[in-house]
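Asks: Have a look at this one.
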Amino acid sequence: MVNHGMVLSALEKVTDPELHYDIVTLNMVRNVAISGDKVTVDVALTVKGCPLHQKIERDVQEAVGQLPGITTVHVNLDVMNDEERRTAFARAFQQSQKQRASQSAGATRAPTMPGPQGAAWSPLLAEESRTVLLGIASGKGGVGKSTVTANLAVALQRLGFRVGVMDMDIYGYSQGRMLGAQGQAKANADQKVVPWNAHGLSIVSMGMFVTDNQAVVWRGPMLGKMMQQFFTDVAWPDLDYLLIDLPPGTGDVALDVATRLPKASLVIVTTPQVVAQEVAMRTADVARRANQRIIGVIENMSYIPMGSGQRMELFGSGGGQELAHTLSVPLLGQIPMESSVREGGDRGIPVLLSAPESESAATFLQVAQKIDAAAHV
């Protein structure tokens, strides 16, 4: 006969698609009721309107339905309160640290770059370094985080700063394309990788180490190794700013930045859409738990300028402001949707260079000024 423990064991096979840990560990299972051949499971989602709630429901039904004698599985979905959500994120963080520790000894090695492997120090990370490390983060993919990174880098460079870009979106590397940089990695006399140089920026990306737009298929420990190498095995010049284009979500890279780069601050990118804003909040929560400073929020794709001061708010309004208010940080800017931004990214000539008179270019420049003012407070 099926008991409560057997059901929980089955539910340990069900993984939250965004936090990547099982729903029992994350305390998402509120209650289990067994009545003969029927089981009812109460599951608390981490966020209201979770776009993957149907997958979680199906996975629960499939896992419990495989138990002997069970013919019917009902799933009741609810939403966590703030305290439950904080606990879930804390457990995900703790599990990631344990997993990283256990895997590090036997993990498959990531493809290595030329250079002194295993170096544990970078001038950029030295206590006396004046380089501002700025992670550009988002909760969801598709909100324009990489576009914002590229254009902010150019904006800061236009303000007279020495700027580097580290493309840590390993699976979705795109800074080479967006900034017009290409070519295979080359090493200097010290066997360190020479960054790409484009538009006065120093750039390092996974695109330097693959050919023909090759996909990268790695497990988490390899990502952390590559981030270390991007710091220690690259011949970075003296920089005022290093912008780190982070992958979306709260996975291994975000956790590595939070734990290994205590000097790094974050800018959170979202769209006006409520779903994007709510998911971005999770990224912010991980940063806060690691005592990482959040400089502010950038709302991308805020509106389409229609002329004569008119705007079309295609994705609604208020998401960025609400997120900033919740985090008690400033809304740094609202970036409009203009074709010149997309065209500039496709051509490798960011909008500040390809359409400097555009509304988007002016907004990026204003945001860069606010970031510089905040970064040195």
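Note that the numbers count up from 1, one per residue, in the order the chain is shown.
Note: Cβ is positioned from N, Cα and C throughout, glycine not excepted.
Pulled these features from TrEMBL for this protein:
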| type | residues | note |
| --- | --- | --- |
| BINDING | Gly139, Lys140, Gly141, Gly142, Val143, Gly144, Lys145, Ser146 | ATP binding site |
| COMPBIAS | 93-105 | compositional bias 'Low complexity' |
| DOMAIN | 7-75 | domain 'MIP18 family-like' |
| REGION | 93-117 | region 'Disordered' |
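Looking at the shown structure, what environment does each listed feature sit in?
Replies: Listed in sequence order, Val269, Thr271, Asn300, Met301, Ile335 are the same-chain residues six or more apart from Gly144 (ATP binding site) with CB atoms under 8 A from its CB. Mapped onto three states, the DSSP output places Gly144 (ATP binding site) in coil.
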Asks: Within 10 angstroms of the C-beta of Gly142 (ATP binding site), what count of other C-beta atoms is obtained when all protein chains are considered?
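Replies: That number is 10.
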Asks: Using the Cβ centroid of Gly139, Lys140, Gly141, Gly142, Val143, Gly144, Lys145, Ser146 as the reference point for the ATP site, which residues of the same chain not in that list have Cβ within 8 Å?
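Replies: Once Gly139, Lys140, Gly141, Gly142, Val143, Gly144, Lys145, Ser146 are set aside, the remaining close residues are Ser138, Pro248, Val269, Thr271, Ala276, Asn300.
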Asks: What kind of secondary structure is Gly139 (ATP binding site) part of, going by DSSP in three states?
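Replies: Assignment for Gly139 (ATP binding site) reads coil.
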